[in-house]
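Asker: Sharing the record's features from Swiss-Prot:
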- 11-142: domain 'Galectin 1' (DOMAIN)
- 151-290: domain 'Galectin 2' (DOMAIN)
- TRP224, GLY225, ASN226, GLU227, GLU228, ARG229, GLU230: beta-D-galactoside binding site (BINDING)
Amino acid sequence: MAEPKSFNIPYRSKLTERIEPGQTLIIRGKTIDESKRFNINLHKDSPDFSGNDVPLHLSIRFDEGKIVYNAYTKGTWGKEERAKNPIKKGDDFDIRIRAHDSKFQVSINHKEVKNFEHRIPLNSVSHLSIDGDVVLNHVQWGGKYYPVPYESGIAADGLVPGKTLVVYGTPEKKAKKFNINLLKKNGDIALHFNPRFDEKANGFMCAKPTPGSVVRNSLVNGEWGNEEREGKNPFERLTAFDLEIRNEEFAFQIFVNGERFASYAHRVDPHDIAGLQIQGDIELTGIQVVNNQPAQE
């Protein structure tokens, strides 16, 4: 469930369903140069501080250079847990809160920064509020725990031109590779997208600790075609990513974390993509099929 627009602050929202373990709340926005602090709260029963419990309170503080984590229960604030604030004034940010059975896992700008143990049962969360010195432009929650390897059909007409596959995930600590396959009904692979961490990209001497290449290919009538490997590997171990594969009439347009990565000309009929496979050293947090959005310059 996504709301891709700007929001008034303070922001208040009632969740249409209770948060389940494995789901992720994604919040994107921008701080202002005069920011002192802003807050993200997960509430029980009402999106305010009228006395009901607050299972999670995040206070991003620029005046202290800290992020404060806490919970409010039975009319009392608990003990604060403090950590360094990695967000700078005036910067864009991406904050993710993933729910687990025993904790909230918090990531900022795709890096995990905190595990906050539940003090109030997860199933009590019903509302979200955001307030303070912040510009808010994206709120989304969803996902689940996915098995890997993962295989599924694509609903309705499949991934036809005009549709985008969005994959949210994190390469494992010792990841060597993972792959995403878009399948035709006959089992051919329209697109094999294969980030590899144990190879060097063509034309690049990689100094990062996780160098690699990203192989693109197709399997047609049981035979692999010519590999395409241009470009650095934009994926890093233990760093979350958003991968968009947009199906257009003549090619797949591939974006990683909102940045254009590659274009892959169709080698098979782009109207006949009916299945998805994901394999390898990856933790999946979300999969969506949405309508294509205009490319960002």
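Each Cβ is built from the backbone N, Cα and C atoms, and glycine gets one as well.
As the structure is a computational prediction, the values presented were derived from the model and not from experiment.
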Asker: Please state whether DSSP places GLU228 (beta-D-galactoside binding site) in a helix, a strand or coil.
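Answerer: The three-state answer is strand.
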Asker: Taking the Cβ of TRP224 (beta-D-galactoside binding site) as centre, how many other Cβ atoms lie within 10 Å?
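Answerer: A 10 Å sphere around the Cβ of TRP224 (beta-D-galactoside binding site) contains 11 other Cβ atoms.
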Asker: Give the number of CB atoms, excluding that of ARG229 (beta-D-galactoside binding site) itself, located within 10 Å of its CB.
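Answerer: Taking every protein chain into account, the count is 18.
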Asker: What are the DSSP helix/strand/coil residue counts across the domain 'Galectin 1' (11-142)?
Answerer: 3 helix, 77 strand, 52 coil
Asker: Of GLU227, GLU228, GLU230, which of the binding-site residues has the most Cβ neighbours inside 10 Å?
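Answerer: Comparing the binding-site residues GLU227, GLU228, GLU230, the most crowded Cβ belongs to GLU228.
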Asker: Per DSSP, what is the residue tally for the domain 'Galectin 2' (151-290) in helix, strand and coil?
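Answerer: Grouping H, G, I as helix and E, B as strand yields 0 helix, 76 strand, 64 coil.
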Asker: Counting only residues 6+ away in sequence within the same chain, which have a CB under 8 Å from the CB of GLY225 (beta-D-galactoside binding site)?
Answerer: ASN217, SER218, LEU219, ARG267
Asker: Give me the long-range Cβ neighbours of ASN226 (beta-D-galactoside binding site): same chain, 6+ apart, Cβ under 8 Å, in sequence order.
Answerer: ASN217
